[in-house]
Amino acid sequence: MEKVNFRTKILSRHLNQENPTSNNSILQSFPCLSYNPPEFSEPSSVFDIKEMRKLMDGHNLQERDWLFGLMLQSNLFNPKIRGGKVFVQPDYNQSKEQQREITMRRIGYLMQNGVFERWLTGKGPEDELRKLALLDVVGIFDHSLAIKIGVHFFLWGGAIKFFGTQRHHDKWLRDTENYVVKGCFAMTELGHGSNVRGIETVTTYDSSTGEFVINTPCESAQKYWIGGAANHATHTVVFSQLHIDGKNQGVHAFITQIRDENGNICPNIRIADCGHKIGLNGVDNGRIWFDNVRVPRENLLNSVADVSPDGKYLTAIKDPDQRFAAFMAPLTSGRVTIAVSATYSAKIGLATALRYSLTRRAFSVTPNGPEVLILDYPSHQRRLLPLLAKTYAMSFASNYLKKIYVKRTPEMNKVIHVISSAFKATASWHNMRTLQECREACGGQGLKTENRVGQLKGEFDVQSTFEGDNNVLMQQVSKALLGEYVTAKRSKKPFKGLGLEHMNNSCPVVPSQLTSSAMRQSQFQNDIFCLRERDLLERFAAEVSLCQSQGKSKEYAFTLNYQLAEDLGRAFSDRAVLHTFLEAEATVTSGPLKDILGLVRSMYVLVTLEEDVAFLRYGYLSTDNAAAVRKEVANLCSELRPHALSLVSSFGIPDAFLGPIAFNWVEANVWSSEQN
């Protein structure tokens with residue numbers, strides 16, 4: 001009652017504009033700053049927000065909205081009222097043990113409500129797109145929940161599906177889909193992460209019993225960061241060097257039980273917790289050691305290679321490099337889902353920061369004048385609107401990546417590997433930069449966990465290194481491009497694939513003096529991105545060739561030219577992203593929608609020209625043209641400013657999945673809200 005009386009007195013004074021009667025008054029009688037929803041003050045959208053959302057999400061909108069609603073119906077998703085609105089988000093103040101337990105309870109709720117139906121037993125692109133759409137929604141709520149589900153379905157389940165054969169599918173997929181089996185994925189070791197080929201776990205075959213024997217020969221061979229291992233997983237796929245008759249046949253994968261049905265750790269297996277992390281504490285990352293662990297011969301995932309009952313190694317792929325590549329090819333799903341989830345994380349940050357900037361005021365530009373909305377300051381526009389444009393570009397890129405992934409064929413493996421590597425690195429780097437800028441743009445409110453932006457930084461930081469360190473992935477992209485270049489030159493055939501067909505044309509020419517009109521033309525934008533990629537590929541090939549002519553190995557030549565490799569990887573990714581943007585734009589018939597997409601695309605391209613020093617370093621832009629680009633970015637900021645609310649509303653993220661700061665941040669912080 002004391003709080004109620006206290007609040008009543010404050011409201012009474014506020015409404016009646018009474019002067020305080022003593023110096024002991026807790027609140028003065030000045031009227032509170034008023035919150036005006038931006039929907040009431042911002043210009044009406046000139047384009048169809050629903051149509052833009054269809055373009056952004058790309059597929060399965062009804063299923064997405066169904067899952068959003070399903071989560072809002074359950075107290076498991078931690079609903080809280082702030083400022084008269086309901087918000088759902090994990091309670092990150094819980095201990096890691098509590099976060100892990102609630103994550104599993106949420107998985108149980110989703111399973112009981114049919115979310116995971118046909119995630120592994122379904123057939124065709126439609127089932128895969130539904131699965132990816134629902135994973136998008138789960139990740140918007142909580143990265144830990146998405147990763148926990150992803151490890152089980154995409155890594156463990158994906159390994160069974162793609163590395164295994166019919167006998168494995170029949171035995172494991174249905175039970176995995178129903179969570180009778182809880183799987184994890186034991187690839188990374190203490191001593192080896194990106195270099196999978198160098199892992200140290202060893203497996204031998206005992207023909208007298210028809211069993212494989214798995215061993216952790218040293219401490220650096222312990223499996224490390226294995227999501228699900230610390231508490232919940234019953235089985236794992238172990239990646240190990242396979243030794244047959246004293247010969248190492250390379251990395252292979254084995255199904256291994258690590259806990260019984262009662263949750264007890266199996267004999268000859270040791271498991272330890274990886275401990276508290278800077279984020280993702282709802283995932284029980286663990287470490288695993290194997291001490292003469294025996295598994296049946298049938299537990300070898302044998303789509304690429306097999307071992308006969310009498311111990312003969314059998315494979316149709318004789319070349320060890322090609323065999324290893326075949327093992328790695330199915331693992332692109334992780335990079336696909338990371339690229340997509342990083343993009344949605346950036347959307348949450350931008351929707352929150354931009355909505356806040358459309359209602360928060362600071363300073364006056366005239367004496368005694370009203371305070372100004374912070375998004376009306378050109379400097380604030382410059383902080384957030386280019387990142388908004390890049391997020392749109394990343395969204396189209398991730399949709400394209402999903403499309404080629406679900407329609408993949410064996411012939412597409414290389415293309416998907418290269419594009420997923422490039423987009424995963426680009427999107428996750430972009431996400432971290434976006435979240436940092438959004439955190440700062442929200443000031444002190446950005447530090448509050450409930451406002452999501454600051455917390456997302458810790459939750460998503462891991463994306464820069466897991467499923468491949470971003471820098472290593474970019475080097476792989478450059479090596480693949482070099483391979484295409486060398487093949488085309490030696491065979492004297494045109495370039496085909498990876499979007500390199502532009503290399504068959506004459507070299508683009510950049511105007512000596514750029515105008516505003518020229519910079520906004522898609523032809524110029526495509527030309528300058530292609531020019532950069534083309535020139536860097538030729539430079540990289542020349543430098544590697546020079547090193548080799550001096551007696552250095554090809555691998556060492558790559559290492560010495562890492563800076564060119566990094567520049568080339570970014571050039572490839574930026575050009576590929578632009579092409580996905582242009583493809584999405586080409587599907588639009590509405591004039592207003594096409595117009596706004598043209599502005600967003602121009603912002604994406606020009607801010608890339610401004611920020612990547614390669615354009616100046618290698619002479620693709622003169623200093624005068626670089627100055628013109630910078631000025632044009634500022635112009636685009638002012639032109640996009642009236643559309644900011646419509647552009648973030650098009651993300652399609654329900655209000656409840658943002659933070660309170662995105663809405664009535666005054667009411668969300670009143671005294672009475674402290675009782676919630």
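Every residue, even glycine, has its Cβ placed from backbone N, Cα and C.
Automated prediction, rather than curation, is the source of TrEMBL annotations.
Annotated active site, proton acceptor per TrEMBL: Glu467, in sequence order. Around the Cβ of Glu467 (active site, proton acceptor), a 10 Å sphere holds 24 further Cβ atoms from the protein chains shown.
Around Thr188 (FAD binding site), the C-beta neighbours below 8 angstroms that are at least 6 residues distant in the chain are Lys223, Tyr224, Trp225, Ile226. Summarising the annotation, TrEMBL assigns FAD binding site to Thr188, Gly227.
As annotated by TrEMBL, domain 'Acyl-CoA oxidase/dehydrogenase middle' applies to 184-293. DSSP places the residues of the domain 'Acyl-CoA oxidase/dehydrogenase middle' (184-293) in helix, strand and coil in these numbers: 6 helix, 54 strand, 50 coil.
Taken from TrEMBL, the feature domain 'Acyl-CoA oxidase C-alpha1' covers 331-482.
The predicted model assigns the domain 'Acyl-CoA oxidase C-terminal' (529-659) a mean pLDDT of 97. The domain 'Acyl-CoA oxidase C-terminal' annotation in TrEMBL covers 529-659.
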Integer Å distance between the CA atoms belonging to Gly227 (FAD binding site) and Glu467 (active site, proton acceptor): 12
Neighbour tally for Gly227 (FAD binding site), based on other Cβ positions within 10 Å of its Cβ: 25
